[in-house]
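Here is the structure we will look at, set down as structure tokens.
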Amino acid sequence: MPTNKLTSRIAIVGVGDVGAAAVFALILSSVCGQILLVDTKEAFRDGQVLDLSDATHRGNSSTHVRAGTYQEAGQCDIVVITAGAKQKPGESRLQLIGRNIGILGSVISGMKPFKQDTILLLVANPVDVLTTFAQEISGLPKAQVIGSGTFLDSIRLRGHLAEKAEVAASSIDAYVLGEHGDSQFVAWSIATIGGVPIDKALPAGTFDRRELAESVKSTAQKIIEAKGATSYGIGSVVASICSSILFDKHNVRPISHWQQDHDCCLSLPVVLGRKGVVRNLPLPLDDEETKLLHESAKDLREVIDGARKNSEY
Ligand SMILES: NC(=O)C1=CN([C@@H]2O[C@H](COP(=O)(O)OP(=O)(O)OC[C@H]3O[C@@H](n4cnc5c(N)ncnc54)[C@H](O)[C@@H]3O)[C@@H](O)[C@H]2O)C=CC1
Ligand SMILES: CC(=O)C(=O)O
């Protein structure tokens, strides 16, 4: 395992609620040597630098936080893009595309040319659509441009199942796949608890699958209605993805990546390492899940096609 935590650099572009939570999680996990904060609101960004730097002085953190420019960000090992508008209560992630496609374009243009092996990690929503456009605009190899996708939804799902089964979430393998949004679905046919198929580990009648999937899907809206933004869950997801990349861990993660068969980016599990997507995993989905995956991709392609007509991309 490469020991690169002292030398590697991560840029966070957009240091609002999500960006700051990601930086905090990265500091506590000691993933990299330096974190560069980039934001158009310079005074706000400098305040975040001071505040988050305080967290590095606790214990023996080896992470240094500082302000950075777009050009410097493009030379980092990982660039996390959280810049963009967030949902208002009742708004879908896909409805953000008109506001966030322009921001994505200006952010990527400002960072070009990228360091050759930079990994771009999209977090701003709609994350699958923006990941698809970021692959085109950046010119980087598709394996190096990924989105956080349904990793967060899968963690939410595992949390619910852990409570039902009274088993640690880390012993549960269960994925939410497709769009990080309204057309997502749970791949129940491949879910296991401690390697035991979920049908056997949590017998029928223990819980209502449809209800649980709906509860996972509506978590973000519940949080947004209550406090205006979600941040800590996605912050920990960003730290985990960055750690998999920089330490070349080859973990299997459900993240948004290019799907040739679907002509867009969406989430299926991949092996994640220093080159980004190391490889895909063939997934034995059942017929209903395969249909849901196709429908999810269709919804995403419609938004991508609409955005192409209404923007310069
Ligand atoms: N993928 C996921 O699972 C999640 C995605 N999100 C998404 O993350 C995005 C950010 O959410 P929040 O942090 O809550 O919003 P926020 O409004 O708190 O922060 C956004 C920041 O981006 C900055 N920004 C805007 N344009 C910029 C540009 N051109 N260059 C640099 N910085 C720029 C703003 O100044 C602001 O500080 C939203 O699109 C939200 O929907 C949020 C939670 C989870
Ligand atoms: C906001 C969002 O995408 C989430 O928390 O899932």
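Counting begins at 1 with the first residue displayed.
Cβ coordinates are placed from backbone N, Cα and C, and glycine is handled just like the others.
Because TrEMBL annotations are produced automatically, they should be read as predictions rather than curated entries.
The feature active site, proton acceptor is assigned by TrEMBL to His180. Marked as NAD(+) binding site by TrEMBL: Gly14, Val15, Gly16, Asp17, Val18, Gly19, Asp39, Asn100, Val123, Ala124, Asn125. Here TrEMBL flags 9-147 as domain 'Lactate/malate dehydrogenase N-terminal'. TrEMBL lists 150-306 with the feature domain 'Lactate/malate dehydrogenase C-terminal'. Per TrEMBL, transmembrane segment is recorded for 12-37.
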Spatial neighbours of the transmembrane segment (12-37) far in sequence, C-beta under 8 Å, 6+ residues away: 4-6, 44-45, 48-49, 51-52, 55-56, 61-68, 70, 72-73, 76-84, 86, 107, 111, 123-124, 229-232, 234-236, 238-240, 242-243, 246
Residue counts (helix, strand, coil, in that order) that DSSP gives for the domain 'Lactate/malate dehydrogenase N-terminal' (9-147): 65 helix, 25 strand, 49 coil
Cβ-Cβ distance under 8 Å to Gly14 (NAD(+) binding site), same chain, at least six residues away: Val38, Asp39, Ile81, Thr82, Ala83, Gly84, Val107, Ala124
Cβ neighbours of Val123 (NAD(+) binding site) where a neighbour is any other Cβ within 10 Å: 28
Tertiary neighbours of the residue listed as 'active site, proton acceptor' (same chain, Cβ under 8 Å, six or more apart): Arg93, Asn125, Pro126, Val127, Asp128, Gly147, Ser148, Gly149, Thr150, Leu152, Asp153, Ser256, Ser267
For Gly16 (NAD(+) binding site): intrachain residues, at least 6 apart, with Cβ closer than 8 Å: Asp39, Thr82, Lys86, Ala229
Longest CA-CA distance among Gly14, Val15, Gly16, Asp17, Val18, Gly19, Asp39, Asn100, Val123, Ala124, Asn125, per record bound to NAD(+), angstrom: 17
Residues that sit under 8 angstroms from Val18 (NAD(+) binding site) by C-beta distance, when 6+ apart in the chain: Thr82, Lys86, Val123, Ala229, Thr230, Ser231, Ile234, Gly235
